[in-house]
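Notes follow once the structure below has been shown.
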Amino acid sequence: MKAAKSKSKDFLLAVEGLTVSFDGFKAVDDLSFYLDPNEIRVIIGPNGAGKTTVLDLICGKTRATSGSIRFQGRELTKMKEHQIVHSGVGRKFQTPSVFEDLTVFENLEVSYPQGHSVMGALAFKRDLAVVEEIESVARTIFLEDMLEQPASLLSHGQKQWLEIGMLLIQKPKLIMLDEPVAGMSVVERKKTAELLKVITREHTVLVIEHDMQFVGDIADRVTVMHQGKVLSEGSIEHVKSDPKVIEVYLGH
Amino acid sequence: MKDSPVVKWFASREGLYYLALALLLVVVLPVMLDAFRLNMVGKYLTYAFVAIGLVMCWGKAGILSLGQGVFFGLGGYCMAMYLKLEASTPEATAIQSTPGIPDFMDWNQITALPWFWEPFNSFAFTLIAVIGVPVLLALIIGVAMFTRRVGGVYFAIITQAIAAILTILIIGQQGYTGGINGITDLRTLMGWDIRTDEAKTALYFVTVALLFVCLFAARLIQKRKLGRILVAMNTQENRVRFSGYDVAAFKIFVFCLAAAFAGIGGALFTLSVGFMSPSFIGIVASIEMVIFCALGGRLSILGAVYGALLVNAAKSGFSESFPELWPFAMGALFIGVVLAFPNGLAGLYQTYVMPLEERLFRRKPKTDGSQKAKATAPAQTPGERGKEYDPLIDQYSPEKS
Amino acid sequence: MFDGYTTSELMSIFAMQGFAGLSLFSVFVLMALGLAIIFGQMGVINMAHGEFMILGAYTTYLTSSAFQSYLPGLFGGYFFVAMLFAFLVCAALGAFVEWAMVRHLYRRPLDTLLATWGLSLILQQAYRTIFGAREVGVTLPDWMMGSIQVTDMVDLPINGLFVMIIALSIAIAVYFLMYRSGWGKKVRAVVQNRPMAEAVGINSAGVDRATFALGCGIAGIAGAAFTMIGSTGPSSGQAYIVDTFLVVVFGGAQSLIGTIVSAFGISQAQSTLEFFLSGSMAKVLTLLVVVGILMLRPEGLMALKIRR
Ligand SMILES: Nc1ncnc2c1ncn2[C@@H]1O[C@H](COP(=O)(O)OP(=O)(O)OP(=O)(O)O)[C@@H](O)[C@H]1O
Ligand SMILES: [Mg+2]
């Protein structure tokens, strides 16, 4: 750990001593982990382990009680949510949250990383570059034929993809996904795994997932959380055979 | 430079709606009504400014302000202060113990013009203040509330409390504000007598012109990404925030915009009725402004204009013949609009009149294939890629909020 | 502003104004309790709450007139009967309003606010039509007249004391109902997690209706108490509504103690300031301070930290 700390500059994301307490209950407790660039990291753990809270902390939705989160050397814990997004962190929520009234195209357009200020949004024009970018992202997320559909008509799985697309178009360096395959069919799951493989060519990805099959498909490394702390960390095989993990999470 | 798009726009359905409103306000009403009635319409229209602001702020962005009367009143008082100073020349007020100050100050034993009245000797300053003062207050409230994520019912109550505070303050500080009677007996604007019929008619047309300026400004915002963000914020605030937008900034912007519109409306109101008093800015007046917007259709800026016109016309009608029935009608309006017609007149128009229009359009022999396809999908607007947002096509769906 | 008063004079002023403030405090508490129950339960501000209070006041007025004409012998006790009537009448109207209007608007708190405002307009005008625009007052029973002399400068009117006792008893009763009874547990369960509460078999629609009716009933009691210290007009309720909202919000929604503390603070501030400034400036200053604090601390004095 000491060694890791000293060269934390090389990490894309360095979380150290992160703690958050809700009225005395420590949902995340002195948590540390490090992400390499272009790695796919999966966080697993029993319900209530604090996984979602970790993402909340990184993206600024919840404020840390103590500890630090450094992203490319910049401290995130003091930044506002939109500044964190601008610095290159994208986050997908556990329940799909897309703009139901807007079309797929418009959903992606709203996420396009331009015109983020009030005046910028007033001046923003839909030019060819924007349209091309949106179409290319739509292809990646398997929705190129549905651009004109209102998002409310999409299936649950398609909404999840759309939300991932809305992250992609922001060109973040770190993408955080909270249970991206929950509620998906087997086929959709396969496609999502493919999608993540494509994404990781250019992004670092931090995924929360319960489905061990899926985790095995995608993960470079796995972090197991339990009661707000890291229980175990390493390759999927390492984690699967860790007796502590079997005890609290995987079961015998 | 872009002649053809403008012409095309006027020929489009949306353009026709604007044209119809312009026709009504510029031709039909002036021809039909005498100067007195036309001035009444002008007065109603000043409320339409507030209602348009509320469409943007409440209908689109979901921020319900019950204190719009405050901004309306501030705009109105700024104008009234200027007019009062112009009416209080030393000659006109020679019988006072201190000539040259407004009469109510003299009655309250004030012997010098208070410092905050001084700048209102300048018309340029007044014009800036009419918008600037309401916007400044909105900015302060907005920054304090929205950066702390106060919204919904809390925001509504705080704005209502501010309306109460301002009213009590104005009534209490008689010497500086004219108290409960307000600032009355306004006569001229830069030497031009505003009490004559000609002046009132001219002011009516100025009001209509400015109303269209505000309508177009609001429409521009709606069509741009800005408008889409405002709507998106209403239902999915977190998604907007984590798409990299500073949600508070957008809320502050739209609240200030609504305040600016209200301020303009208030100033025109003062000009049109010739006085300003606290009764136009209090809790009751402020919440009535919400019903103008709600009746018209909370998402439709054009609807807001009709809503303001209709409610106020009905109010005058009732108070001329059955004053005791008006509160019942008003109460029923609040309940009925909210329960039965959350989309107001615009919603009714859309469900009942638009299908007729569709049939009319389709009967035209010249329709080509693409237009047919669009006509069968009435929820889709013509134009590229759903880019256009028809003002009447936005639907407020209660389940989602 | 304290210049020119001796310390003992100041003490007496504070005591007197403090007591005057207690009457206001009683009205605030009674009104705010009902409002807070409804707000806490449904996140809805009932804009017609003041009119419910006035309905209670008119009910009390009618009861007292009836006693005067038909049961003059029992006049001393009419108030308790009136209080019961006021509660029942207002609760019944509340249940009706919930059924006819509010339940359709649960997921639209802002719309509920507008609809209940409409209701308040209608009720006010109805009172004006039925009872006339003039304020009416009740005759106090003999035992409520007079005052208790505490020091030679401070005496406490009995009616004021009585109203305060009512306010505190109702507050305690509400506390036991909400936090110590099975029904209260159901209410809180619905507030915290509606789908879950429904899943374990709580009739959440019934709980809503009962809560709304209870809040309105308490407003009725507030109205009954109100007649003891002031006269009643069609729009007397509206005069208190903004203050009471602020009391509720300032106290932190869903915190009973917070509501009482904030009612106390606001009423005391207002009545103490009233002695030194004009009435209107005292009110402006109090409201400004409250709004200012709320801007800095929007969650109110005592707020629960809940996941948003
Ligand atoms: N804002 C908050 N206030 C109070 N408690 C909270 C808050 N946020 C999270 N918690 C608590 O922290 C704990 C961790 O929650 P979290 O949602 O992070 O778990 P999780 O690992 O994502 O679980 P799941 O697998 O069910 O999604 C839970 O007990 C939760 O109730
Ligand atoms: Mg989770």
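For all residues, glycine too, the Cβ spot is worked out from N, Cα and C.
Some features that TrEMBL has for this protein:
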REGION    B:363-401  region 'Disordered'
TRANSMEM  B:15-33  transmembrane segment
TRANSMEM  B:45-67  transmembrane segment
TRANSMEM  B:123-146  transmembrane segment
TRANSMEM  B:153-172  transmembrane segment
TRANSMEM  B:202-221  transmembrane segment
TRANSMEM  B:242-269  transmembrane segment
TRANSMEM  B:275-294  transmembrane segment
TRANSMEM  B:325-349  transmembrane segment
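Residues 47-48, 50-51, 54-55, 58-59, 64, 66-70, 72-74, 76-77, 79-80, 159-160, 163-164, 166-167, 170-171, 177-186, 262, 266, 269, 304, 307-308, 311-312, 330, 333-334, 337-338, 344 of the same chain lie 6 or more positions beyond the ends of the transmembrane segment (B:275-294) yet place their CB under 8 Å from a CB of it. Only sequence-distant pairs (6 or more apart) were considered; of these, at least three Cβ pairs between the transmembrane segment (B:123-146) and the transmembrane segment (B:242-269) are under 8 A, so the stretches are in contact. If you look at the transmembrane segment (B:45-67) against the transmembrane segment (B:325-349), you find fewer than three C-beta pairs under 8 angstroms, all six or more positions apart, and that falls short of contact. Distant neighbours of the transmembrane segment (B:153-172): 63-67, 69-70, 73, 77, 141, 145, 179-180, 278, 281-283, 286-287; these residues of the same chain sit at least 6 beyond its ends, with a Cβ under 8 Å from one of its Cβ atoms.
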